[in-house]
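Taken straight from TrEMBL:
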type     : residues                       : note
BINDING  : Cys103, Asp105, His156, Cys159 : Zn(2+) binding site
COMPBIAS : 10-37                          : compositional bias 'Gly residues'
REGION   : 1-37                           : region 'Disordered'
Amino acid sequence: MRSPRAVPTGAGGAGGAGGAGGAGGAGGGPGGAGGGAGGGPGGVGGAGRDGRAAGGTPRAALAELLAGNRRFVSGQPIHGHDVTAAAASASGDQQPYAVVLGCIDSRVPLEAIFDQTFGSICVIRTGGHVLDRAVLGSIEYVVDELGVPLVMVLGHERCGAVASALDAVRGGRRPAGSLAHLVDQIAPAVHEVGVDDPGAHPMAIRRHVLRTVAALRADDLLAAPVKAGRVDVVGALYDLSTAQVTLLNPAP
(Lines of atoms letter the chains of each structure in order from A and count residues from 1; the text may use other names and numbers.)
(Lines give C-alpha, C1' and ligand atoms only; values in the text may rest on other atoms or scores of the structure.)
Protein backbone atom coordinates (compact mmCIF):
# COMPACT_ATOMS: atom_id res chain seq x y z
CA MET A 1 0.00 0.00 0.00
CA ARG A 2 1.20 3.46 -0.74
CA SER A 3 2.34 5.61 2.14
CA PRO A 4 1.85 9.37 2.16
CA ARG A 5 5.26 9.75 3.78
CA ALA A 6 8.64 8.93 2.33
CA VAL A 7 10.46 7.28 5.21
CA PRO A 8 13.81 5.61 4.44
CA THR A 9 13.96 1.90 4.97
CA GLY A 10 15.68 0.55 8.06
CA ALA A 11 16.02 -3.06 7.03
CA GLY A 12 18.71 -4.85 8.94
CA GLY A 13 21.22 -7.33 7.66
CA ALA A 14 19.99 -10.06 5.41
CA GLY A 15 20.22 -13.56 6.72
CA GLY A 16 23.35 -14.28 4.75
CA ALA A 17 21.90 -13.19 1.45
CA GLY A 18 23.47 -9.76 1.27
CA GLY A 19 20.60 -8.38 -0.77
CA ALA A 20 19.36 -9.59 -4.10
CA GLY A 21 22.74 -9.09 -5.64
CA GLY A 22 24.46 -11.35 -3.09
CA ALA A 23 25.12 -14.94 -3.98
CA GLY A 24 25.39 -16.35 -0.48
CA GLY A 25 22.36 -16.84 1.77
CA ALA A 26 20.24 -18.54 -0.88
CA GLY A 27 22.33 -21.60 -0.29
CA GLY A 28 24.63 -21.83 -3.27
CA GLY A 29 24.15 -21.04 -6.91
CA PRO A 30 20.78 -20.17 -8.34
CA GLY A 31 18.50 -23.14 -8.86
CA GLY A 32 17.93 -23.65 -12.54
CA ALA A 33 14.40 -23.65 -13.78
CA GLY A 34 14.87 -27.17 -15.04
CA GLY A 35 16.47 -28.57 -11.89
CA GLY A 36 15.90 -32.21 -11.04
CA ALA A 37 13.14 -33.12 -8.64
CA GLY A 38 15.11 -35.30 -6.26
CA GLY A 39 13.61 -37.10 -3.31
CA GLY A 40 10.61 -39.35 -3.14
CA PRO A 41 7.02 -38.73 -4.11
CA GLY A 42 4.23 -37.48 -1.94
CA GLY A 43 4.38 -35.68 1.38
CA VAL A 44 4.38 -31.96 2.00
CA GLY A 45 7.25 -30.47 0.06
CA GLY A 46 8.04 -33.80 -1.60
CA ALA A 47 9.33 -33.54 -5.13
CA GLY A 48 7.32 -36.26 -6.81
CA ARG A 49 4.42 -34.01 -7.77
CA ASP A 50 5.67 -30.65 -6.77
CA GLY A 51 8.35 -28.01 -6.58
CA ARG A 52 10.09 -29.44 -9.65
CA ALA A 53 10.82 -26.11 -11.30
CA ALA A 54 13.47 -25.26 -8.72
CA GLY A 55 14.71 -28.65 -7.57
CA GLY A 56 12.07 -29.47 -4.95
CA THR A 57 13.88 -28.11 -1.86
CA PRO A 58 13.43 -24.88 0.11
CA ARG A 59 17.07 -23.94 -0.56
CA ALA A 60 16.79 -24.39 -4.33
CA ALA A 61 13.48 -22.52 -4.41
CA LEU A 62 14.95 -19.57 -2.52
CA ALA A 63 17.99 -19.55 -4.79
CA GLU A 64 15.77 -19.33 -7.87
CA LEU A 65 13.66 -16.50 -6.42
CA LEU A 66 16.74 -14.44 -5.58
CA ALA A 67 18.35 -15.23 -8.93
CA GLY A 68 15.21 -13.95 -10.63
CA ASN A 69 15.38 -10.73 -8.64
CA ARG A 70 19.01 -10.28 -9.66
CA ARG A 71 17.99 -10.65 -13.30
CA PHE A 72 15.24 -8.07 -12.79
CA VAL A 73 17.56 -5.59 -11.06
CA SER A 74 20.22 -5.97 -13.76
CA GLY A 75 17.71 -5.32 -16.53
CA GLN A 76 18.15 -8.80 -17.98
CA PRO A 77 14.88 -10.66 -17.35
CA ILE A 78 14.41 -13.89 -19.25
CA HIS A 79 10.67 -14.30 -18.80
CA GLY A 80 8.16 -12.29 -20.81
CA HIS A 81 4.48 -12.11 -19.99
CA ASP A 82 2.69 -12.82 -23.24
CA VAL A 83 -0.15 -14.98 -24.50
CA THR A 84 2.23 -17.65 -25.77
CA ALA A 85 3.69 -18.21 -22.30
CA ALA A 86 0.20 -18.20 -20.80
CA ALA A 87 -0.99 -20.84 -23.26
CA ALA A 88 2.07 -23.00 -22.65
CA SER A 89 1.39 -23.02 -18.92
CA ALA A 90 -2.13 -24.35 -19.47
CA SER A 91 -0.98 -27.83 -20.44
CA GLY A 92 -0.74 -30.28 -17.56
CA ASP A 93 -0.94 -29.56 -13.84
CA GLN A 94 0.54 -26.47 -12.24
CA GLN A 95 3.90 -27.02 -10.57
CA PRO A 96 4.81 -23.85 -8.65
CA TYR A 97 7.94 -23.96 -6.51
CA ALA A 98 7.19 -21.08 -4.11
CA VAL A 99 4.40 -18.97 -2.69
CA VAL A 100 5.01 -15.29 -1.99
CA LEU A 101 2.81 -13.32 0.42
CA GLY A 102 3.18 -9.61 -0.28
CA CYS A 103 1.47 -6.25 -0.04
CA ILE A 104 -1.07 -4.85 -2.51
CA ASP A 105 1.20 -1.88 -3.30
CA SER A 106 1.06 -1.34 -7.07
CA ARG A 107 4.80 -0.67 -7.18
CA VAL A 108 5.63 -4.21 -6.09
CA PRO A 109 4.39 -6.63 -8.81
CA LEU A 110 5.68 -9.91 -7.46
CA GLU A 111 6.01 -12.00 -10.63
CA ALA A 112 7.91 -9.15 -12.28
CA ILE A 113 10.39 -8.38 -9.48
CA PHE A 114 11.31 -12.07 -9.28
CA ASP A 115 11.34 -12.49 -13.08
CA GLN A 116 8.94 -15.43 -12.97
CA THR A 117 6.83 -16.83 -15.76
CA PHE A 118 3.31 -18.28 -15.69
CA GLY A 119 2.93 -21.23 -13.32
CA SER A 120 6.21 -20.82 -11.44
CA ILE A 121 5.06 -19.11 -8.22
CA CYS A 122 1.81 -18.62 -6.33
CA VAL A 123 1.14 -15.04 -5.29
CA ILE A 124 -1.03 -13.78 -2.42
CA ARG A 125 -1.37 -10.04 -1.79
CA THR A 126 -3.12 -8.21 1.03
CA GLY A 127 -2.71 -4.75 2.52
CA GLY A 128 0.50 -4.90 4.54
CA HIS A 129 0.72 -8.66 3.78
CA VAL A 130 -1.74 -9.17 6.64
CA LEU A 131 -2.33 -12.83 7.46
CA ASP A 132 -5.94 -13.94 7.94
CA ARG A 133 -7.73 -17.30 7.69
CA ALA A 134 -8.29 -17.05 3.94
CA VAL A 135 -4.61 -16.28 3.35
CA LEU A 136 -3.49 -18.98 5.76
CA GLY A 137 -5.78 -21.53 4.13
CA SER A 138 -4.42 -20.60 0.71
CA ILE A 139 -0.84 -21.09 1.87
CA GLU A 140 -1.72 -24.40 3.52
CA TYR A 141 -3.29 -25.52 0.25
CA VAL A 142 -0.28 -24.79 -1.96
CA VAL A 143 2.09 -26.38 0.54
CA ASP A 144 0.01 -29.47 1.30
CA GLU A 145 -1.68 -30.08 -2.06
CA LEU A 146 0.85 -28.69 -4.53
CA GLY A 147 3.92 -29.53 -2.48
CA VAL A 148 5.45 -26.05 -2.62
CA PRO A 149 8.64 -26.08 -0.50
CA LEU A 150 9.07 -22.34 0.09
CA VAL A 151 6.91 -19.58 1.57
CA MET A 152 8.25 -16.03 1.39
CA VAL A 153 6.75 -13.08 3.27
CA LEU A 154 7.76 -9.93 1.41
CA GLY A 155 7.43 -6.50 2.97
CA HIS A 156 8.51 -3.27 1.33
CA GLU A 157 9.76 0.16 2.36
CA ARG A 158 7.31 3.03 2.81
CA CYS A 159 4.41 0.63 3.35
CA GLY A 160 1.18 2.59 3.71
CA ALA A 161 -0.58 -0.07 5.76
CA VAL A 162 2.17 0.04 8.37
CA ALA A 163 2.08 3.85 8.27
CA SER A 164 -1.68 3.71 8.98
CA ALA A 165 -1.09 1.41 11.93
CA LEU A 166 1.63 3.71 13.25
CA ASP A 167 -0.67 6.73 12.95
CA ALA A 168 -3.50 4.86 14.69
CA VAL A 169 -1.32 3.80 17.61
CA ARG A 170 0.18 7.26 17.98
CA GLY A 171 -3.20 8.98 17.84
CA GLY A 172 -5.12 6.37 19.81
CA ARG A 173 -7.84 6.17 17.15
CA ARG A 174 -8.73 3.19 14.96
CA PRO A 175 -9.66 3.97 11.35
CA ALA A 176 -13.19 3.39 10.11
CA GLY A 177 -14.39 0.36 8.20
CA SER A 178 -12.41 -2.77 7.44
CA LEU A 179 -9.16 -0.82 7.38
CA ALA A 180 -9.36 -1.14 11.16
CA HIS A 181 -8.81 -4.90 10.75
CA LEU A 182 -5.56 -4.34 8.87
CA VAL A 183 -4.38 -1.83 11.46
CA ASP A 184 -5.21 -4.22 14.31
CA GLN A 185 -3.10 -6.96 12.74
CA ILE A 186 -0.09 -4.68 12.23
CA ALA A 187 -0.34 -2.76 15.53
CA PRO A 188 1.54 -5.39 17.62
CA ALA A 189 4.64 -4.82 15.47
CA VAL A 190 4.29 -1.07 15.99
CA HIS A 191 4.05 -1.51 19.77
CA GLU A 192 7.16 -3.72 19.78
CA VAL A 193 9.38 -1.11 18.12
CA GLY A 194 7.96 1.91 19.96
CA VAL A 195 6.10 4.77 18.32
CA ASP A 196 8.46 7.51 19.51
CA ASP A 197 11.55 6.16 17.78
CA PRO A 198 12.52 8.28 14.73
CA GLY A 199 12.92 5.07 12.73
CA ALA A 200 9.65 3.56 13.90
CA HIS A 201 8.16 3.16 10.42
CA PRO A 202 10.93 1.10 8.77
CA MET A 203 11.52 -0.85 11.99
CA ALA A 204 7.81 -1.68 12.24
CA ILE A 205 7.80 -2.87 8.62
CA ARG A 206 10.67 -5.23 9.37
CA ARG A 207 9.12 -6.40 12.62
CA HIS A 208 5.75 -7.05 10.97
CA VAL A 209 7.44 -9.26 8.36
CA LEU A 210 9.20 -11.28 11.06
CA ARG A 211 6.00 -11.64 13.09
CA THR A 212 4.19 -12.93 10.01
CA VAL A 213 6.98 -15.44 9.35
CA ALA A 214 6.79 -16.65 12.96
CA ALA A 215 3.01 -17.06 12.74
CA LEU A 216 3.31 -19.15 9.58
CA ARG A 217 6.07 -21.33 10.99
CA ALA A 218 3.90 -22.05 14.04
CA ASP A 219 0.78 -22.91 12.02
CA ASP A 220 -0.65 -26.36 12.79
CA LEU A 221 -0.30 -27.65 9.22
CA LEU A 222 3.03 -25.99 8.44
CA ALA A 223 4.98 -26.58 11.66
CA ALA A 224 5.75 -30.27 11.01
CA PRO A 225 7.10 -29.92 7.44
CA VAL A 226 9.04 -26.82 8.50
CA LYS A 227 10.62 -28.73 11.39
CA ALA A 228 11.44 -31.63 9.08
CA GLY A 229 13.13 -29.28 6.62
CA ARG A 230 10.75 -30.06 3.76
CA VAL A 231 9.33 -26.52 3.83
CA ASP A 232 10.85 -23.19 4.81
CA VAL A 233 9.24 -19.84 5.60
CA VAL A 234 11.45 -16.79 5.06
CA GLY A 235 11.02 -13.04 5.39
CA ALA A 236 12.37 -10.41 3.03
CA LEU A 237 12.15 -6.71 2.20
CA TYR A 238 11.80 -5.03 -1.20
CA ASP A 239 13.59 -1.74 -1.78
CA LEU A 240 11.44 0.51 -3.96
CA SER A 241 14.43 2.56 -5.12
CA THR A 242 16.78 -0.26 -6.13
CA ALA A 243 14.24 -3.07 -6.76
CA GLN A 244 16.42 -5.38 -4.67
CA VAL A 245 15.03 -8.06 -2.37
CA THR A 246 16.94 -8.58 0.88
CA LEU A 247 16.44 -11.52 3.22
CA LEU A 248 15.79 -10.80 6.89
CA ASN A 249 17.29 -12.58 9.84
CA PRO A 250 14.67 -14.51 11.84
CA ALA A 251 15.40 -12.39 14.93
CA PRO A 252 15.11 -8.64 15.64
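Numbering starts at 1 and runs along the chain as it is shown here.
Cβ atoms here come from the backbone N, Cα and C positions, even for glycine.
Since this is a predicted model, take the numbers as computed values, not measurements.
DSSP classifies Asp105 (Zn(2+) binding site) as coil under the three-state reduction. Of all the Cβ atoms in the protein chains shown, 23 others lie within 10 Å of the Cβ of Asp105 (Zn(2+) binding site). Most other Cβ atoms within 10 A: among the binding-site residues Cys103, Cys159, that distinction falls to Cys159. The secondary structure of Cys159 (Zn(2+) binding site), as reduced to three states from DSSP, is extended strand. Counting every protein chain shown, the number of other Cβ atoms lying within 10 Å of the Cβ of His156 (Zn(2+) binding site) is 27.
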